[in-house]
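Q: Starting off with a structure, shown below.
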């Protein structure tokens, strides 16, 4: 408001100063020093100068009048004090909502209902029917590989401690547990040194603790090479030798060995297995 009043006052002063024209007097000279021809020639030019000044003054007055009209059309912004007063007035007009009073218990059964606090008017709205609240994804549903590995490790440890694996080694310092008694029996031979599987090849007196070890050894006598490379068709006696060889090829993929599995692949899993599980006894006489 003060700025607008100052601008109006300044514009009014400009109008007053422009309306009162200053009279310009020429230099005073004696009548003797000025020739008559010069005085006569100067008199016609005075009205032209006055006309130019009148035109300039009227143009400037018109510009100032337009400025004043524009200022009057613009509404002044309210002061901060007026804004606070208006906000306080609006706040005083709006009624304050108070929560309803708690009903007084009239019977012993109503005391439990009265113990619950009343729901205020500003409580959060309940979710609509058919809409479930968002749930944070657990570690099992996350897509991070690190979390998946942790979950798998936790599951494997839980499987080891599960009651299904009840066949435990009774030797001191050995905490291995197996799900089948045959697996435990094969493991106990590592402690006792028992080797019930003997080679029946002529002049070969080797014995083994597991039947798969005997079958692997027997192929050294027969020369059987049933594990063939899927790329170069080389053959090997043991599946682990085939795997090492196949990895040297540039176009090798682990799925190649799995596709060519068949019956021979399933029977050769014990060749490179590190488990203590015992496989069915293979009679050397049945092999070619």
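Heads up, the Cβ atoms here are built off N, Cα and C, so glycines get one too.
Since this is a predicted model, take the numbers as computed values, not measurements.
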Q: Hey, which of 156, 239, 270, 278 does Swiss-Prot call phosphoserine?
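A: Checking Swiss-Prot against 156, 239, 270, 278, the phosphoserine entry points to 270.
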Q: Tell me which of 72-96, 197-221 corresponds to the zinc finger entry in Swiss-Prot.
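A: Feature zinc finger in Swiss-Prot: residues 197-221.
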Q: From the list 33, 123, 264, 268, pick out the residue that Swiss-Prot labels phosphoserine.
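A: Record says 268.
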